[in-house]
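Step one of this worksheet: look at the structure below.
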Amino acid sequence: MATERTFSILKPDATRRNLTGAVNAVIEEAGLRIVGQRRIRMTKEQAEKFYEVHKERPFFGELVTFMTSGPVVVQVLEGENAVAKYREVMGATNPAQAAEGTIRKKFAESVGENTVHGSDSAENAKLEIAQFFKDSDIAA
């Protein structure tokens, strides 16, 4: 098992409801370390670049609007098989289908406002981290 990093965003629905501490507790209880964290207001340009893979999807505009509607918390998480572990901890995209104890089961309001984003691969984690963090921002 390899130590790796993954990227996380606590979305505007989470920050609006002051869930940062509660979500961080679930992350840390799962054995992941938060080695980088910043609360930011994502710009339209940042959101469009970040979700570029969904540009042709019908929900793209709504997604960009949502992600820029309030502060988000961007994070770098580190641990054994961090990408897979965090995806398990997040739970299914649809909170109704998420397993008990997962972030989305506990906190998500809907498929669209599902509290968190997590990288889907180690390669994407590197790209996503680089969009929001310099190496000097990460303290392992």
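Every residue, even glycine, has its Cβ placed from backbone N, Cα and C.
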Recorded ATP site member, picked from ASN24, ASN114, ASN124, that accompanies LYS11, PHE59, ARG87, THR93, ARG104 in Swiss-Prot:
ASN114
Using other CB atoms within 10 angstroms as the count, which residue among the recorded positions ARG104, HIS117 scores least?
HIS117
Quick one: pull the CA-CA distance for THR93 (ATP binding site) versus HIS117 (active site, pros-phosphohistidine intermediate), whole Å only.
9
